[in-house]
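Report on the structure given below.
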Amino acid sequence: MVVPYKHEPFTDFTIEENRKEMEAALKLVGGELGKEYPLIIGGERVMTEDKFVSENPGNRKQVVGYVSKATQDHAEKAHKIADETFETWRKWKPEHRANVLYRASAMIRRRKHEFSAYLVYEAGKPWKEADADTAEAIDFLEYYARQINRLKNGMPINSREIEDNQFNYIPLGVGVTISPWNFAFAIMAGTVAGPMVAGNTILLKPATTTPVVAYKFMEVLEEAGMPAGVVNYIPGSGAEIGDYLVDHPRTRFINFTGSRDVGVRIYERAAKVQKGQKWLKRVIAEMGGKDTIVVDKEADLELAAESIVSSAFGFSGQKCSACSRAVIHEDVYDQVLDRAVELTKELTVGATFNDNSNFMGPVNDQAAFDKVMKYVEIGKEEGRLMAGGEGDDSEGYFVKPTIFADIDPEARLMQEEIFGPVVAFTKAKDFDHALEIANNTDYGLTGAVISNNRARLEQAREDFHVGNLYFNRGCTGAIVGYQPFGGFNMSGTDSKAGGPDYLLHFLQPKTVTDQF
Ligand SMILES: NC(=O)c1ccc[n+]([C@@H]2O[C@H](COP(=O)([O-])OP(=O)(O)OC[C@H]3O[C@@H](n4cnc5c(N)ncnc54)[C@H](O)[C@@H]3O)[C@@H](O)[C@H]2O)c1
Ligand SMILES: N[C@@H](CCC=O)C(=O)O
């Protein structure tokens, strides 16, 4: 019998044995860098001339891998194979599909640090962040495998004397998973595993800067017993194959995680019924955030400063959940700001593949570096620079953790997703005003309130309009099965990854009445 779900524990790298194991994994993966990777279509390896160069963002000269780039012809072939494979995969017993995920998860757990090492090289993650990403990938596989077992017999409904009514869930068909680079393993694996275990077949288009870790995941799925053609690996550019896959009349659903602009584009395109299309496509689009921590006047101010700093600068602020706005009651504003600045100035920034002591690694690539530095310049015009404000892209893409004070709630720094280590502070005259500012964005993903006043926390529970709300802690770090994750408004369709309803997005209920 399968034991009840429990999330994968994080590794404590202050323990020497763990540190040594991670160093050994980094060495092992270091020896694998620079390889060429093919597409995987129906289990077949297809090497293309044209390749993505996946670089280490902490050392731009280091190539992590050369990854084959799918064309529209490859996408078409993969689509056909996924369509054919659906006819057999959908008939697999749900518990047998779940067994593939249990096996894959066990294999990843045994090679946990190896996967984290890929994330350190390919995404520039600090060890702790890489370890959390790998743990979350394991969690998604374990959790969704259990969830399909919960749904496999449908739901009870009523029957009259002369009939037997049954209500069951069946899969949808071929889905396209389009994943981001920032949780290059967890989100990629979760957005594949959920629909897959539900009986759908998948075309996986991973982010172009982190395709190698996705290839390693494909190898695990295959070794764990996934039949050829169930998940097809087709990295490619958004412009060349992204639109093609979204528009394809045989695409049944799109499971997207990424930026608001791309999510909205996919949503609009998928709404158009194409020639030969027999259904309305489903779109699951989890998008950006502009997340706020509110600090009340009655609050643990040390906790407030620590929560803001860790949520703003963990993984260089490159989380959709990252705190990019701190809204502080005017009575305690200066104290919280000063302490956050002090804590921020203690943080170290540098490469993480050769040094675990750096709190922050690089940002993702040149485009991310340029974007963050552009916002630093905007911030200098919109407010007071209190910490950071500098970047260095000579070896890798490093930006110092940056705090701006006294930013107007309507300013660009308070409204636009930066996706880097920049947080804007603003003053609220009372708690109502703080919530008003917190809700004043197009997004609605995460938020936190630091307060010792129960009535105000309860007020926030009702009025702070975000998909994931936290009290007296930071606003990042949702755990699969404990804090189902997804946002409101322009943060997306609120699919709640890692939640009990998630698989229903990839299933359709069918009612059968047998009259006697
Ligand atoms: N809400 C969430 O759960 C969540 C989680 C992680 C990241 N994010 C968001 O993701 C963004 C960062 O990730 P990113 O930079 O990889 O996002 P992105 O939108 O640039 O890319 C995401 C994916 O979309 C693909 N893509 C680009 N153009 C496309 C097109 N025309 N058609 C189809 N696919 C296309 C990319 O290649 C990539 O695989 C941030 O906005 C962040 O907030 C949200
Ligand atoms: N689920 C992650 C964020 C994912 C988006 O980047 C968190 O809760 O911090």
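Heads up, the Cβ atoms here are built off N, Cα and C, so glycines get one too.
For reference, TrEMBL has these:
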DOMAIN    50-512  domain 'Aldehyde dehydrogenase'
ACT_SITE  GLU286  active site
ACT_SITE  CYS320  active site
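The number of other Cβ atoms within 10 Å of the Cβ belonging to CYS320 (active site), over all protein chains shown, comes to 28.
If you draw a 10 Å sphere around the CB of GLU286 (active site), it holds 27 other CB atoms from the protein chains shown.
Across the domain 'Aldehyde dehydrogenase' (50-512), the prediction's mean pLDDT works out to 98. In the three-state DSSP scheme, CYS320 (active site) is classed as coil. A distance of 9 Å separates the Cα atom of CYS320 (active site) from that of GLU286 (active site).
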